Amino acid sequence: MAFQFSNNPESNETTNNPAPHVLGLPRPPSVGGISSRVTDMSEDGDQSQTNTMSSHVPHRHSVSRRGPPPARSSIASTSQITNRPGSSASRLSRTHIPSLAASGFFRPMSSQRLQAHRGRPATNHTVSTEDWGDQMNQNRRSLISNSTFPNSLSAADQEVPPSRGTEFTDPIIPDRIHSNASPTANTTTVRSESANLIRDRERPPHLNLKVDYKGTNENETPERSPLSFLSLQNRNAPADNRDSRAHARLSSADSSPQSIEKKPELAKSRNKGRNYEYFVGNTIFLGGGRFQNSRDKPVNIATGLLVLVPTGLFFGFSGPWLWHNISPAIPVLFAYVFYLCFSSFIHASVVDPGVIPRNLHQMPPVDPSQDPLAIGPPTNDWVMVKLATSDVAAMDVPVKYCKTCSIWRPPRCYHCRVCDNCIETLDHHCVWLNNCVGRRNYRYFFAFVSTSTLLALFLLGASLAHILVYRSREGISFSDAIDKWRVPFAMVIYGALAAPYPASLWAYHLFLVGRGETTREYLNSHKFAKADRHRPFTQGNVIRNWIAVFGRPRPPTYMQFKEYYQEGDQRLSTVKRRFLPRNTEPQNDIEMQHVPPPNSA
């Protein structure tokens, strides 16, 4: 913005006798012969001005002409003419004159006075201007203040609502710099002068700040404001013209209940079966996918019999005698320990140990034209794991790509060659359970080992107490008591033989959990020197390691074998497992078996 000296007599005459304001407001006086009209230079240096208010504001004939170049101390020397669009800071510098009386040259009007000052008729579309010069006959720069009312509204409906920014845009506020920015109005005790001026000012008769300005015609809504997202460019264009490439429609649940009907897709998926029927691992399933076990020698059946048979013999011979002659608490407590032992055995044997889904990270197919001797993509990598013992320390642990399952194994995950599955946090494959011991069934395995040890010791002690009490009551020798109760004596021998093995496993795994390691990690660490052995997953001490393993909740299964099969599930095969060839490992991975036709599935 520039202030220029006018040499035109007409201009001086107009300056001395300014035209009256439309609202009757007094105009500021001229200072030192400088034109009271603040002219704004156009962005391109041309005299491009719009005459949008020529029909409402009297036309002024006073035009400031360019004088000689001003001196260095001149006011106009602070402004420069440029061809590029000015920034917000440059636009503010055109309207702010700190060297002169600001109240005499610049009085920003409030939104109410500015709307009344315009007085232009309503239009069907939002009026927007392209010139950024702050000219007096130009629209306001606020997008909300432009007229957006349709022609069908009456004059009463066109009444402009009051602005919410009156406190900061009112022209009679002299202490603009000292305004209170606190969200509460009681932070100061001294009342600002601007508050008194706002309270005592004379409000225009046609404005009422307490009235909610709404159009009487509710059928016709005003056009969208330029700030609305619905008024963006090409918003009214047909939807077919949109580029929908790489877009996917998200599914959402119904907001209201509908009639329960079986959809064709759901019925079709149910006809295809469940997920376990398409699983390609070396696993057998029972109970509709609820129970699973490795397709190997069923040693777990023998393990269950080793628990069931002695328990049955105890309740058949020693239990009734102990109930009536010593205490009923002995057989009851023995039954409770047996329940814990056998239930933990069932859970550890038939529960999903943590099978990782297959085909999640498939390698790209090999190009036939590529050199067959070329090195393929890497199958080993390192993953940084944050240590629980420090806030800043971390350690790299190796991870490997499983070519059988086509996945990058997470840390502590290994592929079991018996189950032919990648198991999360695999400890070992237990032949007594005929199942892998992983993250989801490790607690059941540890509970089975612990309770089987207690059960064997309980069996030994209760059977021996039966023989000794009977010998003392009858007054016979120990050999005669054994001859009378041979089965309890056999249970004493069985308990003495069965207790050491689960007891050693219990102590060994208690030691491993206290170190924060699995069986595989502990055995693999002995391949390195003692100085190179690290435990990145330890919690710092034995108690925390025990809590982290035995106190953590069991994670959900990844495979969901009981669910219905969905066509296109990459985790599963496209053909049911009963139609796939079996026993390819004894044939050196050469499939010499009959392959059924594709339509047989």
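Cβ from N, Cα, C; glycine included.
Annotated features in Swiss-Prot:
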- 1-18: compositional bias 'Low complexity' (COMPBIAS)
- 1-300: topological domain 'Cytoplasmic' (TOPO_DOM)
- 1-95: region 'Disordered' (REGION)
- 74-92: compositional bias 'Polar residues' (COMPBIAS)
- 112-268: region 'Disordered' (REGION)
- 123-155: compositional bias 'Polar residues' (COMPBIAS)
- 179-195: compositional bias 'Polar residues' (COMPBIAS)
- 198-223: compositional bias 'Basic and acidic residues' (COMPBIAS)
- 301-321: transmembrane segment (TRANSMEM)
- 322-325: topological domain 'Lumenal' (TOPO_DOM)
- 326-346: transmembrane segment (TRANSMEM)
- 347-444: topological domain 'Cytoplasmic' (TOPO_DOM)
- 400-450: domain 'DHHC' (DOMAIN)
- CYS430: active site, S-palmitoyl cysteine intermediate (ACT_SITE)
- 445-465: transmembrane segment (TRANSMEM)
- 466-486: topological domain 'Lumenal' (TOPO_DOM)
- 487-507: transmembrane segment (TRANSMEM)
- 508-601: topological domain 'Cytoplasmic' (TOPO_DOM)
- 582-601: region 'Disordered' (REGION)
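With a cut-off of 8 Å between Cβ atoms, the residues of this chain six or more beyond the transmembrane segment (326-346) that come close are 303-304, 307-308, 311, 314-315, 318-320, 433, 444-445, 447-448, 451-452, 454-455, 458-459, 462, 465, 469. Note on the topological domain 'Cytoplasmic' (347-444): its mean pLDDT in the predicted model is 91. Sorting the topological domain 'Lumenal' (322-325) by DSSP state (H, G, I as helix; E, B as strand; all else coil) yields 4 helix, 0 strand, 0 coil. Shown in sequence order, ALA348, CYS436, VAL437, PHE445 are the residues of the chain, 6+ apart in sequence, with a C-beta less than 8 angstroms from the C-beta of the residue listed as 'active site, S-palmitoyl cysteine intermediate'. Taking Cβ pairs closer than 8 Å, the topological domain 'Lumenal' (322-325) reaches residues 331, 462, 465-466, 469, 473 in its own chain, all 6 or more past its ends.
Outside the topological domain 'Lumenal' (466-486) by six or more residues, the chain places 317-318, 321-322, 325-326, 492 with a CB less than 8 A from a CB of the stretch.
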